[in-house]
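What Swiss-Prot records for this protein:
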BINDING   Gly80, Asn111  anthranilate 1 binding site
BINDING   Gly80, 83-84, Thr88, 90-93, 108-116, Ser120  5-phospho-alpha-D-ribose 1-diphosphate binding site
BINDING   Ser92, Glu226  Mg(2+) 1 binding site
BINDING   Arg166  anthranilate 2 binding site
BINDING   Asp225, Glu226  Mg(2+) 2 binding site
Amino acid sequence: MLKDAIKKIVRFETLSENEAYGAMNEIMDGKVSEIDMAAFLTGLRMKGEEVEEILGCARAMKEHAVKVEVNNLYAIDTCGTGGDGGKTFNVSTCSSIIAAAGGVKIAKHGNRAGSSKSGSADVLTELGVSINLKPEEVKREIEEKGMAFIFAQSYHKAMKNVAPVRKSLGFKTIFNLLGPLTNPCNIGGQVLGVFDQKLTHPLAEVLLKCGLEKAMVLNGCDGLDEITITGSTFVSEIKDGRIKDYVIKPEDFGIKRSKIEDVRGGTPKENAEIIIDILKGKGGPKRDIAVLNAAAALYIGKITENLKDGVRLACNIIDSGKAFQKYEELV
């Protein structure tokens, strides 16, 4: 199946969803050589991954993951692709805690650092939040505390077959897209930041076909896989079974533009300190970007009707002490 897929890819032909699914199944099962795996990943990257191919690969990867079921709960994820080179602090992790304090159920899927100094797993460990949760513990944490971390490497064990090849290739592959598309929990919504504007609409199509009810796939004009405060953010939103593309700016929400340097982070320890400062009410650009992204989670999490209301609520959550209180509850 994989060899047939490679032959099509080198002719720059698009794989069907089932062909991509079959090829990825073989990879996940560890049935292929590293040479064939590298050829498949390189060929896809050169050709450009299409919606059907991403969908098929995501389906295979999810089927190989350890499952987490949150019955009768509408939970969302805020996992992004990473790889944006922005060197920001862990914005989505911070915004997730704020949103959870506002009543959103967060199934935060993530991993240790890839291209940055601090992945979500790294900063949460530094914050004292448990990352090594079993499926039943994830379910209980989401139900009782409103947020739990799903450590990707513990739930996607088949990825061990891929790790050496990805490291050897040294460039972005389809797996950079698959991470945020393969949350082991049966989420209903997602805020998904991507490293390239060209990916927002295609990945929204994938999420829609995966059955998500609400989602925002977004990319900042500066390349951030977050809603940025340096300028415009491109958004592809899933709502009522359709995808709408639009642009938002910080001033639309009464937030002043800042420089990318103003939201830079560092080591997991430094980023943990930044997050605690924000949750305790410290102002400035770092709070602003956390508030904007928390607003997206509050909106997709069905707590607010729009982003403007989300911004107001996120500010109130922080200023009332509820955000820091939620953090204390999580540790």
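Just so it is clear, glycine is given a Cβ too, placed from its N, Cα and C backbone atoms.
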>> Under DSSP, is Thr88 (5-phospho-alpha-D-ribose 1-diphosphate binding site) part of a helix or a strand, or is it coil?
In response: strand
> Looking at the binding-site residues Thr88, Ser92, Asn111, which one has the fewest other Cβ atoms within 10 Å of its own Cβ?
Replying inline: Asn111
> Which residues does Glu226 (Mg(2+) 1 binding site) neighbour through Cβ under 8 Å, counting only same-chain ones at least six apart?
Replying inline: Gly80, Gly86, Thr88, Val91, Ser92, Gly193, Leu218, Gly220, Ile289, Asn293
> Where does Arg166 (anthranilate 2 binding site) sit in the DSSP three-state scheme?
Replying inline: helix
> For Gly80 (anthranilate 1 binding site), what is the secondary structure by DSSP, using just helix, strand and coil?
Replying inline: coil
> What is the separation, in Å, between the Cα atoms of Asn111 (anthranilate 1 binding site) and Arg166 (anthranilate 2 binding site)?
Replying inline: 15
> Could you give the Cα-Cα distance between the residue listed as 'anthranilate 2 binding site' and Arg112 (5-phospho-alpha-D-ribose 1-diphosphate binding site), in whole Å?
Replying inline: 15
> Cα distance, Asp225 (Mg(2+) 2 binding site) to Arg112 (5-phospho-alpha-D-ribose 1-diphosphate binding site), nearest Å?
Replying inline: 17
> Ranked by the number of other Cβ atoms within 10 Å of their own Cβ, which of the binding-site residues His109, Arg112, Arg166 ranks first?
Replying inline: His109
>> Under DSSP, is Asp225 (Mg(2+) 2 binding site) part of a helix or a strand, or is it coil?
In response: coil
> Rounded to the nearest angstrom, how far is the Cα of His109 (5-phospho-alpha-D-ribose 1-diphosphate binding site) from the Cα of Asp225 (Mg(2+) 2 binding site)?
Replying inline: 15
> So for Gly80 (anthranilate 1 binding site), how many other CB atoms are inside 10 Å of its CB?
Replying inline: 26
>> On the three-state reduction of DSSP, what should I expect for Asn111 (anthranilate 1 binding site)?
In response: coil
>> So if I draw a 10 Å sphere around the Cβ of Asp225 (Mg(2+) 2 binding site), how many other Cβ atoms end up inside it?
In response: 27
